[in-house]
Amino acid sequence: MSLTLELMNWVLDMVLQIIRELLGKVTMSSEPVNVNEFKALAERALPKMYFEFYAGGAEDEHTLKANEEAYQRITIRPRVLVDVSRIDMSTRMLGYSISSPIMVAPSGLHKLANPEGELATARAAAASNTIMILSFGSSYSVEEVAASCNAVRFFQLYVYKQRHVAANLVERAERSGYKAIVLTVDCPRMGRREADIKNRMIVSKQKNVEGLVSTEVDAIFSFFFSLFSYTTEVSHINGQDVAWLKSITKLPILLKGIITHEDARIAVEVGAAGVIVSNHGGRQLDYSPATINVVEEVVHAVKGKIPVIVDGGVRRGTDVFKALALGAQAVLVGRPILYGLAAKGEHGVKQVIQMLKEELELAMALAGCTSLKDITRSHVRTERDRCQSML
């Protein structure tokens with residue numbers, strides 16, 4: 001009897017041990033260890049329509065893929081005979097201190113990922129001591145996001161034919177404590193995002209433009225098409241638009257969507273406070289170059305007069321390192337933030353930022369850089385470098 005009872009207890013212990021191991025494996029497999037793994041978690045968490053809205057790009061999605069792949073073709077040249085016992089990743093952007101050169105890119109409709117939407121993203125950015133750029137297409141209003149937490153944040157804007165719309169948004173952003181305006185300049189028309197067309201993408205009314213423009217459209221970019229068809233400039237943003245914007249606000253203005261030296265020089269001439277090298281995450285003109293491939297062109301054009309920020313394709317701390325080595329002062333992270341928000345809410349956004357910071361710190365240590373100013377052009381080797389070395 002006692003032997004049978006002991007045997008049963010032993011079997012029960014073994015079964016419980018197997019169950020614990022299986023549960024442990026499930027927990028481990030569902031816990032992301034890098035930023036890339038949040039994408040799969042987000043895909044499982046979101047309706048297909050919403051996931052493809054976040055993840056998709058224009059037409060063949062060549063530029064979308066190139067943004068990430070281009071980083072992988074840049075190698076790092078480490079220095080090793082350096083004391084790296086202390087690493088300092090802190091920096092300043094337009095005079096504001098941030099814990100690292102990793103900032104939150106403007107992206108719309110965070111509420112599709114999580115009910116807390118941009119409120120959760122803003123709190124996570126604040127907790128990470130970095131700057132969030134709030135999209136004009138946010139699910140929550142300029143005022144609601146500002147009230148969610150005390151932090152430095154910028155506001156992203158489009159200039160409309162009906163300029164009272166932009167003027168209203170700028171005035172509200174300034175009154176709510178936003179520290180800069182990020183003017184997107186690469187959207188004279190919307191790029192063709194075929195996944196959204198197939199899905200007949202439908203979204204709710206937008207808080208920031210309620211009462212200013214009509215957003216009543218049945219489907220397919222119900223938000224974006226309604227705004228762009230009724231209100232945006234038909235031609236590209238030019239110096240006169242920037243001059244007008246400067247006349248209605250005291251806030252510094254950064255231009256987002258610059259990928260050529262010609263436009264970078266114009267940005268300096270019209271008094272931009274900074275430029276963001278961006279192809280709109282591969283969502284506008286397909287087959288435009290990967291942003292990391294044109295950073296140096298823009299950096300050389302502005303000649304150190306204004307900061308250069310890079311947007312698009314950043315998925316690793318080593319990507320951040322490479323961007324800084326090529327002359328950028330900071331990077332913007334967009335889709336990974338949305339994936340973190342979809343997978344784990346505010347905590348997921350914090351995790352994404354923290355993972356990138358930890359990877360950057362490790363990359364700096366292994367490359368022999370104790371501060372951001374130590375990261376130089378000599379630390380990376382691009383495809384162009386390799387081609388030139390063969391001549």
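Using the three backbone atoms N, Cα and C, a Cβ is placed for every residue, glycine included.
Per TrEMBL, the features are as follows:
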- 27-385: domain 'FMN hydroxy acid dehydrogenase' (DOMAIN)
- 106-108, Ser135, Gln156, Tyr158, Thr184, Lys256, Ser278, 311-315, 334-335: FMN binding site (BINDING)
- Arg193, His280, Arg283: glyoxylate binding site (BINDING)
- His280: active site, proton acceptor (ACT_SITE)
Cβ packing number for Gln156 (FMN binding site), 10 Å threshold: 25
By Cα-Cα distance, the member of binding-site residues Arg193, His280, Arg283 nearest Gln156 (FMN binding site): His280
Which binding-site residues (Gly108, Thr184, Gly312, Val314) fall within 10 Å of His280 (glyoxylate binding site) by Cα distance? Thr184, Gly312
Within 8 Å of the Cβ centroid of Arg193, His280, Arg283, the other same-chain residues by Cβ around the recorded glyoxylate site are Gly56, Gly57, Ala58, Met190, Gly191, Gly281, Gly282, Gln284
What number of additional C-beta atoms lies within 10 angstroms of the C-beta atom of Arg283 (glyoxylate binding site)? 22
Whole-number Å distance separating the Cα atoms of Arg193 (glyoxylate binding site) and Val314 (FMN binding site) is 21
Judged by the number of other CB atoms within 10 angstroms, which among Thr184, Ser278 is the least packed of the binding-site residues? Thr184
Taking just the CA atoms, what is the gap between Val314 (FMN binding site) and Arg283 (glyoxylate binding site) in Å? 16
For the binding-site residues listed here (Pro106, Gly312, Gly334), tell me which residue's CB has the most neighbouring CB atoms inside 10 Å. Gly312
Measuring Cα to Cα, how many angstrom lie between Pro106 (FMN binding site) and Arg283 (glyoxylate binding site)? 13
